[in-house]
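Below: one structure, written as structure tokens.
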Amino acid sequence: LYSFIIHNKDTFFNNATRSRIVHHILQRVKYEEGKNKIGLNRLLSNGSYEAAFPLHEGSYRSKNSIRTHGAENHRHLLYECWASWGVWYKYQPLDLVRRYFGEKIGLYFAWLGWYTGMLFPAAFIGLFVFLYGVTTLNHCQVSKEVCQATDIIMCPICDKYCPFMRLSDSCIYAKVTHLFDNGATVFFAVFMAVWATVFLEFWKRRRAVIAYDWDLIDWEEEEEEIRPQFEAKYSKKERMNPISGKPEPYQAFADKCSRLIVSASGIFFMICVVIAAVFGIVIYRVVTVSTFAAFKWALIRNNSQVATTGTAVCINFCIIMLLNVLYEKVALFLTNLEQPRTESEWENSFTLKMFLFQFVNLNSSTFYIAFFLGRFTGHPGAYLRLINRWRLEECHPSGCLIDLCMQMGIIMVLKQIWNNFMELGYPLIQNWWTRRKLRQEYGTQRKTSFPQWEKDYNLQPMNAYGLFDEYLEMILQFGFTTIFVAAFPLAPLLALVNNIIEIRLDAYKFVTQWRRPLASRAKDIGIWYGILEGIGILSVITNAFVIAVTSDFIPRLVYAYKYGPCAGQGEAGQKCMVGYVNASLSVFLVSDFENRSEPTSNGSEFSGSPLKYCRYRDYRDPPHSPVPYGYTLQFWHVLAARLAFIIVFEHLVFCIKHLISYLIPDLPKDLRDRMRREKYLIQEMMYEAELERLQKERKERKKNGKSYHNEWP
């Protein structure tokens, strides 16, 4: 008590801190004679109690207006100023959130608000890139040539049932591709890589300010208790704790290593399950494109590839959601198998596994479409096949980027809708059902007279893993926003709209639908910051490959400077792209088709006589050259340019990221000055207090007739 100036003991601690103190005491109370008969958690685990939770401060609703009568309690104030949908455009009352829910939850909402605010410039630039594509659509030479290519006949994209098609039939897809793959795409990819670094660096500064204001700078987490499961497993082996000097259970190094090896093997096996699921989707796409090509409905028959992609994405989403349920159980089993010593070690291990599982699960099919779809198909007459049976799927004549855009758009929208329903809709339905049963059992009048603990008991308990689901959802969204942003510039805008809803949805859930969680302290967002940094590094690499490999940016650049009308002139405008479409297509002799690939139609509907030649996307020699269907010199130029672009792009962006990290200090200057000023004042106060004590002692000695020579003044 002597360390604090306390005017009123009843109001010195806020409600969240008082709850934490009570929980701290209950965790250490001995309830029965015996070695391990201590703590509330053991009573909960053995079923002595059904639940234990802090109480909400009354109702969150009031008959009177908060403007005229004020707030009845902190919960009511939070609902009106934070959880209500009508205040979506206002700043969050973070200090009030911290006082009511504790620092850990307050930091989550501070991070979420900061992330949402930082999405505004990213969403604006992404929308600008998209609108730039819209405004330049009529001036794009490539899409013009595709739309006017009525005399270019493309080879079938699947065996037997797929017909020959005019290149001009893919006019709409060429235009849509230009909306996302235009001259501003490279700039936007660099911007987003830099944005991710700026976001993390400025969050460190923001976190430092919050930690200072909330008195967390010098706070260190106390020595954690050993998990009961660890204690029960290793109670026979003990060693002295170097800090407390007391004996505690000990896990041998060999036992720990063997458990980690088994856990790592389990993780590897589950990742293989994901790859197997993606392989299943690939087979579905290969088989279905032929089925849709022979469909009786003309709409589906004429758009067989888009129908295949759309249905494959929806099936993939269902598989993702089903596997997520399995992954949670597997991650829980593997984490418990490792036997972590403390709760924080358990939480970090579980978090890393769940993020790894869900990240691979969510993005594996996207990686396939971005980097493998249409890359290893061979060419007409010599197609590569799965199990020597199914011909690998080709890209659309307008490119693979449209497939990647569809994959990202559908998965992102569906996942956000599903997450929002599970976060709010599911608790609402459960609470409604509980209220309905109570009305039937006790009646409306009796229900209103329930004590607060019983009203709170009828609410939903907070997730067993704390804020894990909230963080995981946002981190996966951050990955979607940055990793493939070069293919889908509207991703930051979708994330921004979702997050504006997410903040109020989470606030409403915490205030109205959940029991009040136990307040806990934290200095930062923990292991999630390291995961965010890893995603930022991965995003640079993936965007470099998307621009170089998936989009047509590099082939167009090579054509403009080396093979087009402006070759050798150092120009690369739209006039330099004349003839690009024809130069990017190779010629195939129809009579060279394999028997199992030969289409049922001979293409006579185009010119009145059977087709002799068709075109396909690749850089290969014509059939009558000395080396039929061999790679042309342009292919090797494009390949070299792609590799050079990846190296230059990655090194440039990483240099910019490291420079920004170096230039932006972790602590703002005014905060550093405030901390130094505080330290100086403390030293002055200590000096003055010591000086005052010594002077008082000197006066007492003089008063008692005692004096000493050479003493301090």
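Cβ from N, Cα, C; glycine included.
According to TrEMBL, the protein has these features:
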- 2-94: domain 'Anoctamin dimerisation' (DOMAIN)
- 97-678: domain 'Anoctamin transmembrane' (DOMAIN)
- 108-134: transmembrane segment (TRANSMEM)
- 184-203: transmembrane segment (TRANSMEM)
- 260-286: transmembrane segment (TRANSMEM)
- 306-327: transmembrane segment (TRANSMEM)
- 475-497: transmembrane segment (TRANSMEM)
- 525-549: transmembrane segment (TRANSMEM)
- 677-711: coiled coil (COILED)
Chain residues in Cβ proximity to the transmembrane segment (306-327) (below 8 Å; excluding those fewer than six residues from its ends, i.e. six or more beyond): 173, 270, 273-274, 277, 281, 284-285, 288-289, 292, 300, 354, 357-358, 361-362, 365, 393, 396, 403, 406-407, 410-411, 414-415, 418
The domain 'Anoctamin dimerisation' (2-94): DSSP-derived helix, strand, coil residue counts: 40 helix, 2 strand, 51 coil
CB contact flag for the transmembrane segment (525-549) and the transmembrane segment (184-203), at least three pairs under 8 A: yes
Averaged pLDDT score, the coiled coil (677-711): 80
